[in-house]
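Each remark here refers to the structure printed beneath this line.
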């Protein structure tokens, strides 16, 4: 019964925030903070008490540590079916942590419609947790689409317009909504197609994941359905060339919106590929793998090159996310269990480091009222702590040894090298580009001639505790990643069985 509460707490908390807005300005903030802290504590309690070593038998049904199933729409075979394994637990814990931080980082930034802001913020987080727990495909799609509307409001109502005034927050919100909504509808068609193919074979309408895993598909149908899922996940990840919504959404979103977008929403796409696209369509995924990995390579270099050209610090960090998710794409489609576990570490590490960079960008914006790096400069001597902390997270995002990002990228590269050595050699050069754009960001923002002699406020205890906490977690993940690797091993072994068998069959032809 604990799984529904992980989803219900943010929804109930968000509604209470909206009601509390009329009585107090600070009460909605405390309700939101309490709600996400409760989600984080529950997920850590499950981690401490659950057994996550259950690996599925080859060709058998998936194994879950926790399950909750209630029939919802019997005629259509739709259930409220929630399940948790090691992968989904890690993602829910990450959501809880970044949810707490997104509430804290918007504490002073948001000053109007505070209750409605926290309603949207918590409903996004509730929808994300729903995506990570839903196993019924209709329920998964329901939560997938449900995240979009509150995210639209978050950007449209509380976002910032660009410094040149050309791109407004409404433009960014609408572009985000159209891209993700259109791709989601493609996935809906693919889900319905899979359900009808199963219905024609068995005479039973069902959206149950375990049942649909056994559906026999012809090669052409499997390819079409796999592409339907891939398009939706590729847009959300995002994969070049369907990435253009991301920099605009990040640049115009409030800090909490950017933290959620980079830290969690992009991970729902990688999770969707691992949980649904690969196991449901293993043969088509195996044939598609070289294309997907080359798309990952393009993303690594394209994201890095566009990062060089940015003057807006938030757009630079956004394009760096495109580059980092290219490594995730390569790891997912390599079919190597080592690389798949590297993907999990990289998802968590990128969630922590990208969230920290966007929090730091927000702290800069609150003080300087600009995101244009040409108007910064010389901040190293004028601001205590913030420049040094920014340097740490910029170094972490380029894969500094001793941080989680290094472990994730190293596992992806070493695991996939056995399978696709040429692609990995090329991808390694992407790390060189990452070091260049990270150092460009630090140099432009913090060094060089000072643009003003006015004193700048340093970080207060709330701001300092957020980024230092993330730094400690990132170093812990880099120095001792074993708990994360242990808890995700069984889940990744199951995925590797599905895709690995298909890749072996393909190689034997």
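All positions are counted from 1 along the displayed chain.
Cβ coordinates come from backbone N, Cα and C, glycine included.
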Kindly point out the range from 446-466, 467-487 that Swiss-Prot annotates with transmembrane segment.
467-487
Of 123-143, 176-196, 316-336, 376-396, whichever stretch has the most CB pairs under 8 A to the transmembrane segment (342-362):
316-336
Using Cβ atoms and a strict cutoff of less than 8 Å, what residues sit near the transmembrane segment (422-442) while being 6 or more residues removed from its termini?
293-294, 296-297, 300-301, 304-305, 307-308, 313, 316-317, 319-320, 323-324, 326-327, 330, 373, 387, 390-391, 394-395, 397-399, 409, 413, 416
Examine the transmembrane segment (261-281) against the transmembrane segment (1-21) and state whether at least 3 Cβ pairs sit under 8 A, considering only residue pairs 6 or more apart.
no
Would you kindly list the residues that approach the transmembrane segment (467-487) from elsewhere in its chain, counting only those six or more residues past its ends and only Cβ-Cβ distances under 8 Å?
47, 52, 86, 89-90, 97, 101, 341, 344-345, 348-349, 352-353, 355-356, 359-360, 389, 392-393, 396, 401-407, 459
Other than its close neighbours in sequence, what residues sit by the transmembrane segment (176-196), given a CB gap under 8 Å and a spacing of at least six beyond its ends?
137-138, 141, 144-145, 148, 151-152, 155, 205-207, 212, 215, 217, 221, 224-229, 231-236, 242, 244-245, 248-249, 280
